[in-house]
């Protein structure tokens, strides 16, 4: 060799201007080179990799990457301390899956969506090693796993550490957005959009950052309720006089605090919590509904998303979950109570041909209870409930029976027997019936179907096709459910489904469908304005 360059695990030999070879310094490679050279082969031909200058193909103007019109921040949930860097790998899987979907369905568009991981847990100090020091040594591996995962929920419910978690995620979101904009200066100029995909506990923290929710507000509401209860209860003259003085003092204190806040607001302009407007907030495997229910959120009378997340903060809220995910809960019944009897929207399979657009899919009932109650039929018929106050029907699990939109042949097959055939049908009935939602235009027009109301169960307004007739409905559907596989074990899915969202082609298509649809609508609108 004319010249050699030593690297950490390799070395490069220059035999001439055009003959440059890279060799591995691993022990097995050295042994292989020694053996082959003794057999008469040259060092280069035995184990070297030839290096060439320049590129294999000449670049063209069309080779540049498409412009990024939409960035998606991917926020992790619990367990990041146990497996640092996992969110980067998960985001890479989601990005690769989205690229496949883009090539198949959105290749004609000149823009693309970029997924960016948000790792907020590793920079937090929290209690240091206090929890580790009080952990017993027996079954240490299991205890360490719980301390590194489930303990994040305890930290977030702690008034001492909650703010640290919120600020950690908030600062990381703002840092990544500023960094992306500095490297892509045209993003903001051309109206680039930002969406957030959060998983598990990350959904709750992201929601609290966007809405500014604080447990102190809940405490103030509780104190106010206690004051009202005290005013209604009986008390002596002295007690009532002292209570009135306390009420006047508190009222005066509130007025002083409000004036102080107004003065501070005039002198110091408070920066926004996030440096960007959130276009879409996608929740995956989210327990957000449980947290909201425990905070006192109850169903309202309008079908607006503003009841739980104002549109001024986030344009669209979408809750994605697997039917067997034990951590995920529904959000729609927190807006309108009777949506607990309405099935979530089924997410299309990746390879579905000509799927029905989600906004055209009509709400359909979950399977109501078939057992008769003790109430007389006349009472049930006379007491037609309003859509917002209707009682919640007793429901079975999602996969245990079909919806009301199945055809007569499927319904007939269900009643063949209660033995093995019945078990198999109850297992696969839902998967067999759900594709029929694609053919609502055909099935809904058949006039030979009759209305059927369960005896003793107050009927909700619905048509003979099993769909709701227009009463009080949501402005936009929020709950979207993945379809179960035909040979999928429900108990095994309960263990694996919570972490199976990242590589799903169905979810990648679902996310891109909503984001590209919004971008396309705005482009069409701007073209019309120009004309």
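In case you wondered, yes, glycine gets a Cβ from its N, Cα and C as well.
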Ranges in play 298-329, 330-361, 362-393, with TrEMBL marking region 'Disordered' at 362-393
What range among 394-430, 431-467 does TrEMBL describe as region 'Disordered'?
431-467
Taking all residues of the domain 'DDHD' (274-517) together, what is their mean pLDDT?
70
